[in-house]
Amino acid sequence: MLRNDFVWGVATSSYQIEGKDEKIPQGECVWDTFIKKEGTIFGGHNADVACDELHKYKRDIPMMANLGIKAYRFSLNWARIIPDGTGKINQEGINYYREVLELLNKYNITPYITLFHWEYPQALFDKGGWLNPDCVEWFGEYAKVVAENFSDLCTNFFTINEPQCVINLGHSLGIHAPGVKMPIRETLQMAHNLLKSHGLAVKNLRKYSKKEIKIGYAPTCGVAYPSTDDPKDIEAARKVYFGFENDIDNWGWNVSWFLDPVVLGEYPKEGLEKFKNYLPKISPEQMKKDLELVNQPLDFIGQNIYNGYEIKALTNSKNNSYYERVERYPGFPKTSIQWPITPRAFYYGIKFLSEKYKLPLYITENGMACHDSISADGKVHDPNRITFLDSYISAMQQASDDGADVRGYFLWSILDNFEWANGFDERFGIVYVDYRNQKRIIKDSAFWYKNVIESNGKCLSINDKSNEIIVEDVSETNDYMSLSENETIKFNTIYINDNIDCIKEGLTFIVYEGNAILNSSVLYKGAKVSVPKGLTDICLLGECDIKII
């Protein structure tokens with residue numbers, strides 16, 4: 001089971017939900033500039049209104065409280081607080097975020113502030129952005145302002161969200177703001193500067209906060225997960241997950257390069273070797289100082305996990321590879337955004353991260369994009385999202401049961417919102433937003449999540465014991481009956497006494513090898529099973545023999 005003090009929350013980012021208002025002036029961020037370029041955003045959408053959270057927070061926060069939400073991770077728009085990125089502070093921006101924090105505290109929703117969720121001030125990008133060495137001091141100054149103005153109302157902070165996306169999507173592929181394609185050497189320099197910025201932000205948050213605070217960091221990456229639970233597959237997946245198997249052009253999709261310096265105080269040797277022809281020229285003495293800055297003590301780490309890829313160990317590979325990446329079968333389940341649905345990746349990502357970095361772990365983002373719509377009854381039914389969330393959160397609990405120190409889960413997202421380059425085409429929220437009128441409709445998944453929170457996960461399928469099979473010794477019994485093709489029976493639980501492997505939607509049969517159970521699964525009480533045409537051929541060793549328990 002999950003900890004009694006497990007943190008159940010939801011997450012958003014400022015640019016994706018807030019919109020704009022002349023009464024709360026702000027400087028432009030790189031996304032404001034990027035969306036003006038033709039062809040950058042699906043449908044020509046923009047975030048000028050988004051979810052209108054600048055005005056709707058007074059309604060949305062009580063709604064969150066009614067849904068049982070205990071914690072809310074949201075980001076500050078750097079350019080709303082310091083319009084030029086440095087220098088003069090915008091008091092209207094400060095006042096807005098203080099009002100949000102005060103209302104969250106009033107409704108007993110614990111705030112978790114993210115300093116940077118991609119809202120980089122355009123004025124600073126024009127000066128070189130993350131490539132300018134001064135960016136470290138810029139971000140440190142911003143962290144100081146945040147600590148001085150909000151630490152009396154918030155005691156939990158994350159510095160940077162998904163640095164891998166900042167580097168890869170924004171500065172390598174150019175499909176996110178600021179939309180540039182930099183050479184590898186420059187993106188590696190940017191990554192180093194970004195990590196130093198994180199370190200100075202941690203120092204300044206602690207130095208200038210008005211009370212004791214806790215600080216984390218929220219990177220991401222797809223998870224390499226093992227094809228089976230064979231130790232060889234597990235170790236191969238672990239090695240791939242923390243390794244450097246990507247080609248050099250995709251170097252930024254990496255876990256260790258963005259976490260090892262932060263938590264362990266050094267860059268991984270495998271990465272230093274792979275990137276040696278592209279690394280910035282930094283003296284050993286300076287690198288030591290840089291890493292001391294990066295390696296500030298953290299109270300926890302976050303990780304955004306949505307999906308992964310399957311890995312199988314190889315022993316006699318012709319190309320000396322220790323693994324192969326298993327291809328997904330045709331029709332592999334995916335979300336509407338075409339991300340694979342892989343709860344097994346969630347389990348192993350949590351387990352691998354906890355085992356390596358040995359810090360409390362928070363899942364800072366996880367959720368599912370669906371093509372939700374309003375039904376004839378005026379409601380939004382999203383059973384696919386409920387199934388997704390149940391499978392992932394159950395996997396998280398299993399990882400916790402197996403020793404992972406996972407402390408909290410922030411569902412992405414409370415609201416449908418501006419999904420970056422995809423505009424408003426994808427809906428991740430458990431609350432539907434009608435962008436024509438800003439009406440909110442609570443989806444079925446939100447009510448389901450409320451039950452999860454109230455029960456601390458006890459209502460998850462992993463904990464549902466009502467239909468649990470009681471495995472009995474059937475080695476000496478012969479009280480089986482034959483089930484003819486298409487014959488229907490009622491049962492509580494059945495055993496099938498042949499070495500078969502057949503799964504029908506909604507039913508998983510027990511598989512034997514001799515008298516040994518290879519696989520067992522719950523069958524629902526009072527259900528009816530009809531043997532599909534051809535099943536008796538699959539079950540051959542005679543008839544399809546079953547035992548009714």
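Just so you know, glycine gets a Cβ as well, placed from its N, Cα and C.
Record check, TrEMBL: substrate site residues include Gln16, His117, Asn161, Trp412, Glu419, Trp420, and the candidate from Tyr267, Tyr278, Tyr306 also listed there is Tyr306.
Neighbour counts were taken as the number of other C-beta atoms within 10 angstroms of each residue's C-beta; across the recorded positions Glu162, Glu365, Glu419, the minimum falls on Glu419. In sequence order, Gly222, Trp339, Glu365, Asn366, Gly367 are the residues near Tyr306 (substrate binding site), counting only same-chain partners six or more apart with C-beta under 8 A. Listed in sequence order, the residues of the same chain lying 6 or more apart from Trp420 (substrate binding site) and placing their CB within less than 8 Å of its CB are Gln16, Ile41, His176.
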